[in-house]
Amino acid sequence: MKMTKSALVTGASRGIGRSIALQLAEEGYNVAVNYAGSKEKAEAVVEEIKAKGVDSFAIQANVADADEVKAMIKEVVSQFGSLDVLVNNAGITRDNLLMRMKEQEWDDVIDTNLKGVFNCIQKATPQMLRQRSGAIINLSSVVGAVGNPGQANYVATKAGVIGLTKSAARELASRGITVNAVAPGFIVSDMTDALSDELKEQMLTQIPLARFGQDTDIANTVAFLASDKAKYITGQTIHVNGGMYM
């Protein structure tokens, strides 16, 4: 009988994280839904996951806090018996021009988006080493490859995630653990919905496929990297951006 595998998705109460959690559930994973703010939204995702016939629970943790992350990993293993897939999706923005950016704006984004990924990988690794298997998928961004004005802090973290992914992949490969990154381009969200038609048209001119991506495009890519079909892929960054960056 095939054993059910388990996954932890950080920042999974909404947006891309929610879509990833639901897709992994569709693939048969038990899924822990991490959140930082809204317990209500996280619990709603849990109910959607359970409706697919797998187990799920919501767990609050600030990924920038190593102790909270350690406790979260321990709880996931306690409830599910294993941790087979870690998806580092949690992230924030504090946009500002470089000359005007406050130190706190820089630190907040670095702590969540880069240190948070490090914390989760470091605390999840002992369990995966014991299992001699695991898949870690980190969310980067197209801007980590091309840069973006007004987002020096965010861009630095997303470029850093790519480097961290490569280093972790080299360290963990001998133990059967893969580490990859997914770098979304412009994805339909509340942010893109609020943009003017003129600005949307301007953004679309940068995308050869001439459309914005859907969060399911990202979720499907993550699910593939988490699967046995991707066992010979590690240290890679998969760009899902409609050709915006090649």
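Keep in mind that glycine also has a Cβ here, set from the backbone N, Cα and C atoms.
According to Swiss-Prot, Gly11, Ala12, Ser13, Arg14, Asn62, Val63, Tyr154, Val155, Ala156, Thr157, Lys158, Ile187 bind NADP(+); the candidate from Asn88, Asn89, Asn96, Asn220 that the record adds to this site is Asn89. If you measure from the Cα atom of Asn89 (NADP(+) binding site) to that of Tyr154 (active site, proton acceptor), you get 14 Å.
Cβ packing within 10 Å was compared across the recorded positions Tyr154, Val155, and the lowest neighbour count falls to Val155. Take the binding-site residues Ser13, Asn62, Asn89, Ser141, Thr157: by the count of other Cβ atoms within 10 Å of each Cβ, the lowest one is Asn62. Non-local contacts of Gly11 (NADP(+) binding site) by the CB criterion (under 8 A, 6+ apart in sequence, same chain) comprise Gly17, Asn34, Tyr35, Ala36, Val63, Asn89, Ala90, Gly91. Across the residues annotated as binding NADP(+) (Gly11, Ala12, Ser13, Arg14, Asn62, Val63, Asn89, Tyr154, Val155, Ala156, Thr157, Lys158, Ile187), the widest Cα-Cα separation comes to 25 Å.
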